[in-house]
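Input: a single structure, listed below in structure tokens.
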Amino acid sequence: MRMVIAAVGRLRQGPEAKLIADYLDRHAKAGRALGLPPVTLAEVEDKRGGGMVAEAALLARAIPQGAALVVLDERGQMLSSPEFAARIAGWRDQARDVAFVIGGADGIDPGLRDGADLAISFGRMVWPHMLVRVMLAEQIYRATTILAGNPYHRE
């Protein structure tokens, strides 16, 4: 199993980068005993101005073949943290790769979005993609702690 966050744009050094690194490091340490691999970050950038279609092509190349495709989109399902953890556990138990895709300023091209196994939303509001990365990294770590029975998550 591989876990990938494929995102449009480059993350500069700053508080967001530190938070993402911290949560993904925590996940890597806690997830090892649960059979969860470290998360890799694949950043893509369309420098030719091709828009969502060009971004989708770059994102598709970053996604492992056959991976469960999870897109972050304001039209997606709003899962609880335990529901998200259960999805991750299911992919782990199937030994299936999973790719979380975060689009750019204009979102994710419908051609890629419509082929997703799951679309999730962090609410009906639109979030800056750098904050979505932080929120996703935290939820991946939180899912790991839920699966481990760690008290980090409280109901």
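Cβ atoms are placed via backbone N, Cα and C, with glycine included.
Per Swiss-Prot, these features apply:
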- L72, G103, F122, G123, R124, M125, V126, W127: S-adenosyl-L-methionine binding site (BINDING)
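Feature map: Swiss-Prot annotations on the structure.
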| residue | record | Cβ neighbours (10 Å) |
| --- | --- | --- |
| L72 | S-adenosyl-L-methionine binding site | 26 |
| G103 | S-adenosyl-L-methionine binding site | 23 |
| F122 | S-adenosyl-L-methionine binding site | 18 |
| G123 | S-adenosyl-L-methionine binding site | 9 |
| R124 | S-adenosyl-L-methionine binding site | 8 |
| M125 | S-adenosyl-L-methionine binding site | 7 |
| V126 | S-adenosyl-L-methionine binding site | 13 |
| W127 | S-adenosyl-L-methionine binding site | 16 |
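Taking every pair among L72, G103, F122, G123, R124, M125, V126, W127, the residues listed as contacting S-adenosyl-L-methionine, the largest Cα to Cα separation comes to 16 Å.
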